[in-house]
Amino acid sequence: PAPAEAGRAPSPPDGGWGWAVVFGAFVSIGFAYAFPKGLAIFFKEIQDFFGTSYSEIAWVSSIMLATTYGAGPISSILVNRYGSRPVVMFGGLLCGVGMISAAFCTSILQLYICVGFITGFGLALNLQPSVIIIGKYFLKRRPIANGLAMAGSPVMLCTLAPLNQFLFDNFGWRGSFLILGAILLNCCVAGALFRPIGAGTALVKAQVNKEEKDALKEKIVEDGPMEKKIEEEEGKDCFEKVNQYLDFSLFKHRGFLIYLIGNVLMFLGFFAPIVFLAPYAKHTGIDEYSAAFLLSILAIVDMVARPATGIVANSRWVRPRIQYFFSFAIAFNGACHLLCPLASSYTGLIVYSSFFGLAFGMVCAMLFETLMDLVGAARFTSAVGLVTIAECCTILLGPPIGGILIDTFGDYKYMFIKCGAVMVLAGTFLFIMNYYNYRMLAKEEKERKTKGEDPKSVRTENEGKINWNKDSTQDGPELEPLREKGEGVKKEMNGT
């Protein structure tokens, strides 16, 4: 390209090495989502070993999930500062250390620390960077790419459920934790695939000869912008420095707030049913392998549902109103839980697991796609961090509340009814509020046209898709190779 183009961020390739990135995200996201659910196989035995209640053992998964989501802002800041690749590789190392340490625990409190906090934080460093980098590599095919990457969760769950039962039968829960710690180190390999998007095109600036670069550097030094930039950096307070990595102006974004409230409510009943599915089956007298097989059935259906949902969501009929589709998926998920108490036999539980897998896959495939649709790719990194820290409270409380209901009434049906009612309420809320949001956007657009304003001067819901090339220059180290080499030319273009 001409030198004038050298400072601009590259467009998302929508393919090429992006598919290798999708595979790496497939592995990382798969472990991040499936691993806390797969550990439910060991809960009954660990509960008997330490003499704890249902609610106490449920805290292991709750703390792990809450840490995975609560550490979202930290993960986002690290991605903005260092890029996705080193963050995911360090997260994989933490996961392995946490599970290997858990094999030597002598109390339930130590399990909370090793499995809950250390492994949970490692999974957080796997989840957010994997989701973020897909947005860097894909635009037109982004729903499909997200659906394929999110399919890692059911594939891993389908594998981990019988594997964990096999490991427990042969090595006990301590030996199983040692082996699982070694398996989690594969996240480091997945992270190595997350090549920064600008790395392959970093030679663009080489077309500008050395004399031109020297001249531009001299001009920048004479005009003094670097000194001014340093002074501005020193003058910023703590909040402004944090705001560089987390865009708190999103809390003024109507669509973002609607998404945030609906998701916080949804997660109160999202994970508890899958955590207690295998223990519920054992409670009804079903043997261990058949109980574990229910998770495999759920995962197999989920595995098909996620890519299929991505394809449907990418169609020209659904994508313009993808928020409605997301709301329906959440309500459908809740309806499955409300009907679960009617499944009194193993056949009934198989039917429930199949519908649950379909509904669960639909929600997960669109979970981040709908957020990116609202805030745009340029602000997505900050949005993920802010959403996950808000969601961690309800994620933390969901399974223990379910455990308390089981301990209090001695029956699992009240836990399923609670989760179903909460999710139906969340889906209804999102549907109504998204309808209101779309109406307000249409009204505001009509007013702008009446007043003769330029629509591009107003930040809209689809800003990231409209202004990709302009906004993506703020996205951090993923584009660093081009930015560093094109900085001088970019400043010349801006008149400095």
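Each residue, glycine too, has its Cβ placed from N, Cα and C.
Copied from TrEMBL, the annotated features are:
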COMPBIAS  446-464  compositional bias 'Basic and acidic residues'
COMPBIAS  480-496  compositional bias 'Basic and acidic residues'
DOMAIN    18-438  domain 'Major facilitator superfamily (MFS) profile'
REGION    446-496  region 'Disordered'
TRANSMEM  17-36  transmembrane segment
TRANSMEM  57-78  transmembrane segment
TRANSMEM  90-123  transmembrane segment
TRANSMEM  144-163  transmembrane segment
TRANSMEM  175-194  transmembrane segment
TRANSMEM  256-277  transmembrane segment
TRANSMEM  289-312  transmembrane segment
TRANSMEM  324-344  transmembrane segment
TRANSMEM  350-368  transmembrane segment
TRANSMEM  380-402  transmembrane segment
TRANSMEM  414-436  transmembrane segment
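The recorded stretches the transmembrane segment (324-344) and the transmembrane segment (175-194) do not share 3+ CB pairs below 8 A when only pairs 6 or more apart in sequence are counted, and are therefore not in contact.
Outside the transmembrane segment (414-436) by six or more residues, the chain places 255, 258-259, 261-263, 265-266, 268-270, 272-273, 276, 323-324, 326-341, 398, 401-403, 405-406 with a CB less than 8 A from a CB of the stretch. The stretches the transmembrane segment (350-368) and the transmembrane segment (90-123) are not in mutual contact, being linked by fewer than three Cβ pairs under 8 Å (pairs 6 or more apart in sequence). Counting same-chain residues at least six beyond the ends of the transmembrane segment (90-123), those with a Cβ under 8 angstroms from any Cβ of the stretch are 28, 31-32, 35-36, 39, 46, 50, 52, 56-57, 59-60, 62-68, 71, 75, 129, 174-175, 177-178, 180-182, 184-191. Against the transmembrane segment (144-163), stretch 289-312 shows more Cβ pairs under 8 Å than any other of 17-36, 175-194, 289-312.
Across the domain 'Major facilitator superfamily (MFS) profile' (18-438), the prediction's mean pLDDT works out to 79.
Residues of the same chain lying 6 or more positions beyond the ends of the transmembrane segment (289-312) and with a Cβ under 8 Å from any Cβ of it are 34, 37-38, 40-41, 143-148, 150-151, 153-158, 161-162, 164-165, 274, 277-279, 281-282, 318, 325, 329, 346, 349-350, 353-354, 356-358, 360-362, 364-366, 369.
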